[in-house]
Amino acid sequence: MSASNNTANVAKAANAGSLSPNSSYLLLAIETSCDETSVAVVRDGRNVLSNIISSQIDTHRQFGGVVPEIASRKHVESITIIVEEAIREADISLENIDAVAVTQGPGLIGALLVGVVAAKSLSLALDVPLIGTHHIAGHIYANHLIGDIVYPALALVVSGGHTELVLLEQEGKFRIIGRTRDDAVGEAYDKVARALQFPYPGGPYVDKLAQEATEEVVLPRSWLEPDSYDFSFSGLKSAVLAEINRSRMKGESPDFSALARGFQNSVIDVVTVKAMKAAKEFGVKQMLLCGGVAANKGLRERLASLCGDVGLPLLIPTNKLCTDNAAMIAAAADLKWRRGEFSTLDLKAEPILSLEDWSVGS
Amino acid sequence: MNQNINKGEDSSVTVLSFDTSTASLAAAIVRDGVLLDSIVSFTERNHSVRILSEIKELLSRNGLQGKDIDVVAAGQGPGSYTGVRIAVTAAKTLAWAWNKPLLGVSSLEALAFGAWKSLQSADENIDFDTETWIIPLMDARRGQVYTSRYSAGHSDKWDTIDKDGIRLIADWSERIEKEATMDSQVSSIWFVGEIAPHKVAIEQAEQSGIRLRTLTCDMDPGAVGQLAELRFRRGERDDVHSFVPNYTQLAEAEAKLLAASRGE
Ligand SMILES: [Zn+2]
């Protein structure tokens, strides 16, 4: 295997002959792309035996956001502890693991490195295949842990780092039809939350405040060009800040709950209208909502109601499977396992990694 | 759990060791103090890409498997933050998966120890009746170095005088020069490792004109394993789960937060 070639289409080298891709197998997956150290053991790509998530959020909160160097340090402190816990909770022994999957990217490079080096070490020590996995493919395939995906499907990915509309014409083939041009949805939520004086991460507070609000400060919708499925949220965030300033200049105290509702309604209008339009244009048979912001109650309810109106089936993972976790990485890695598409020990952590290029068979 | 925990002083010990704290990736198999085989690569920024392939190659070309390894050892830093995390993560994960003893070694001590061995073999007129100070340097930018101090001499004398830390090279070399003047036992002083960025500061500290000497060198691939084996034979072990790099300083954000909380 050459050093420059990260992916090798080889028959399962380590256990050749002992397992066919269709028989029952155990996958251990590691996710360390941001501030969660997570390890899961999943049987046959769908049956989650354990999914341990160690959040660093209490550490990062005092800094008002994720500090990459500190995230990397925390991953080193936790990694073997979490692997051991995942094995114990799955009630298996390490020797039963048939393959190791890991988030290769995108994410914070220093954080990704810890997971990638640990996964490669396990792959070598256990002599089992390694599967470098795309983080967003993980978010999308979290849906496969709770239901059957029907193709073509459209995924609306909303998280702290991503806002994308992804078309899946068939299993494991990703086509991005829309993406944010500036802030991700989750990022906009956190910035607005800070302006509304909520602690980091403030997205859930804004959601809750918007739900409870009786008034609404109507804010602009950023539709971009008529035929575009792209998003932009930085103008909306600025509009919130401008409203707060305007109130203060007039000596009034800004109505935070009305602003939260205005912001949330603008975001939800834009993402759901675009998602529904794309679903119609591409004739999809299913809508998939995923990513950390998929836990947003307002968004879930609106999308469910719009899908219900046109009879489009909708899948949304449980809240635990929406946030960063390793079970979703196993669910995506299963696509590669079943096709025998493995990585070499020279797998490289990639802070920027193309989802489309990660598609199966490419 | 660790089947080799009671390995006697006389039995053979095979150590798999590696270090990624500097520009070189150094991996080695050391058996009973002797370097059996090693791989050194200078593809900085690629340590994380190559480390496991290099280890695999090292094991397979020596006909070894995980079960044949008695000790997994890694340089624990200091050095590049990202760099030291690579060796530390690989070491703790391999040791955990193989259920083998884990031993960490100071990367600075390994750098110094390797330099001392090469000075001895290069016949640098070392007076073994007196003491030689070995001072390893790794550049830490802005006139700073990661450094420590060891005293070497006859009958394998090797003692730590100063522990690993981050210091200003100008102050540090001046202090070394001053202390050597007061200690008649010290015959020679060697600054070793990453010398080039700090040569001027060392020369400025020099008073006698002959005493402070320098040796530019890279990490010796066998040094981590040899130092780890000494620790192993003394019965020392590191805990896999709590094994972390020695960064020698807080992350920048932590330092700022601490300063703010003190009202600085
Ligand atoms: Zn994510």
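Placement of Cβ uses the backbone N, Cα and C atoms for every residue, glycine included.
According to TrEMBL, the domain 'Gcp-like' annotation covers A:47-330.
Annotated Fe cation binding site per TrEMBL: A:H135, A:H139, A:D324, in sequence order. A:H139 (Fe cation binding site) falls within a helix when secondary structure is assigned with DSSP.
The annotation substrate binding site is assigned in TrEMBL to A:V157, A:V158, A:S159, A:G160, A:G161, A:D190, A:G203, A:D207, A:N296. Annotation note: A:V157 (substrate binding site) sits in a strand segment as assigned by DSSP.
In the predicted model, residues of the domain 'Gcp-like' (A:47-330) average a pLDDT of 96. When the record's substrate-binding residues A:V157, A:V158, A:S159, A:G160, A:G161, A:D190, A:G203, A:D207, A:N296 are compared pairwise by CA position, the greatest distance found is 18 Å.
In sequence order, A:E31, A:S33, A:T103, A:G105, A:P106, A:G107, A:D324, A:I329, A:L353 constitute the residues six or more apart from A:H135 (Fe cation binding site) in its chain with CB-CB distances below 8 Å. Proximity to ligand 1 at the level of Cβ atoms, with a cut-off under 6 angstroms, picks out A:S159, A:D324 from the binding-site residues A:V157, A:S159, A:G203, A:N296, A:D324. Of the binding-site residues A:S159, A:N296, A:N296 has the largest number of other Cβ atoms within 10 Å of its own Cβ.
Here the binding-site residues are A:H139, A:V157, A:G161, A:G203, A:D324, and the one ringed by the most other CB atoms within 10 angstroms is A:H139.
Listed in sequence order, the binding-site residues from A:G161, A:G203, A:N296 having a Cα within 10 Å of the Cα of A:H139 (Fe cation binding site) amount to none.
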